[in-house]
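All remarks here apply to the structure that follows.
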């Protein structure tokens, strides 16, 4: 009898434990992070746990430019022009406009949460919930890890190419040093790439001031080289090469826009420097928009020059800009382009590693990752544990694997981040409007907001499908007017199926990690760091009164 009673109790407790675990999971997953300013704003800085505010507006603009413009400006312009013709200029304008719209979303959120590290992850945590924020982090981080390794290998290859300009080194540097050498079929050994990553990681660990100086020097060098290329090339332009302007029609221009869109990726890096900006509420939005506008102008200038120098049919695939100048007898410009590529890749890699460490710092502070990731060095004021971690992962991948073959699965992470940030703006505005009103509607504001977002996404999806199958532009216009922005068309038309597999698999892995660790250690009530001076927001007289 006693055995039967104990078995009943056991079965009853086990049946109750399952709903309990399930309810705990969902209560944790659906909680959001409050981001109201805390009264003890300088506590974290005084204790040595906070980052130091050393970045001004000029530093932030150079940070965004450094992240966005790499060696691609010398390559992607020509490869897209090979199909779109001189109309590639319009492709860059269309892509630039769409990026500006997304940059405005980042700018609004950056001014709303001006002093907290985390970027897209933080915005999602505040606007939606914990599990969505963690999923966004995992999608972004895979892009960053593989992207850093890929950029490091490209940079190593360019460095070797520059070194081979020295006569006694030409053709005497083994492939395993910088170009990569296949081993056992699955591995590709590259020694220089991890060395570069170790050096940049050391600079970032030393302090944000030192890394900002290096980024500024390399970015200014890169910009000067691009401007020199544009000016010299302008004297070799034959305007007849711009006719016909769109040889393959407007469809090729739109297709080109979806490709060159990713050339602008990186401006969002500015949002992750919120805790190190001197005047975040003013400088972050200006830094995001300013860096993007400079990138748009440079890309358009290079596009006009390359399509004016050489007929678009004759543009090469690997190094179109270098080949164009060589064909005009300006080989020294081709050499200069190689140096510009080294500078461009260095800044892109440096900023990429910087952004990764700040994202890990945010999750470490919130408890979604082990506490070691949330620690800041007491004297260097940098997240050394997070910085070393991201450097170690990138170095391992760059040393042993040919990560270039994974490049086609990377874009989904950036698209996820940009889409969610746009949704965060809508969600937070909806919260602001409904929080002060008494609802008398049949459906809740939450359901109405979700329906609104889904309607936009569906319209974008419809526009992409209609465009892909050559439907009448009337239907496209209707879908565009209803949906406003056809971001989903980028997903439908230009992502490999491996990217979707990666998205689903990584999301499942992220859910497992969150369910087994994050939900038990996360603390959304952790106070954000608002240790910026009051004078950043108020006038000097008002600050004195406070």
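Quick reminder: no glycine exception, Cβ is built from N, Cα and C everywhere.
Because TrEMBL annotations are produced automatically, they should be read as predictions rather than curated entries.
Quick caveat, the model's predicted, so the values are computed rather than measured.
Here's what TrEMBL has on this protein:
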type	residues	note
REGION	1-21	region 'Disordered'
TRANSMEM	60-81	transmembrane segment
TRANSMEM	88-109	transmembrane segment
TRANSMEM	115-137	transmembrane segment
TRANSMEM	183-205	transmembrane segment
TRANSMEM	217-237	transmembrane segment
TRANSMEM	288-312	transmembrane segment
TRANSMEM	332-355	transmembrane segment
TRANSMEM	384-403	transmembrane segment
TRANSMEM	409-428	transmembrane segment
TRANSMEM	449-467	transmembrane segment
TRANSMEM	473-492	transmembrane segment
TRANSMEM	499-517	transmembrane segment
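Looking at which of 183-205, 217-237, 384-403 has the most CB pairs under 8 Å to the transmembrane segment (60-81), the answer is the stretch 217-237. At the 8 Å Cβ cutoff, the transmembrane segment (183-205) and the transmembrane segment (332-355) share at least 3 close pairs (sequence separation 6 or more) and count as touching. Through the fold, the transmembrane segment (115-137) approaches residues 28-35, 51, 109, 268, 271-272, 274-275, 280, 355, 358-359, 361-363, 366, 368, 416-417, 420-421, 423-424, 427-428, 431, 507, 510-511, 513-514, 518-519, 522, 524, 528-532 of its own chain, all at least 6 residues removed from its boundaries and within a Cβ separation under 8 Å.
In this chain, the transmembrane segment (88-109) lies close to the transmembrane segment (288-312): three or more C-beta pairs between them fall below 8 angstroms, excluding pairs fewer than 6 positions apart. Within the chain, the transmembrane segment (217-237) has long-range Cβ neighbours (under 8 A, six or more residues past its boundaries) at 62, 65-66, 69, 73-74, 294, 298, 301-302, 304-306, 308-309, 321, 324-325, 328, 330, 333, 336-337, 339-340, 343-344, 346-347, 350.
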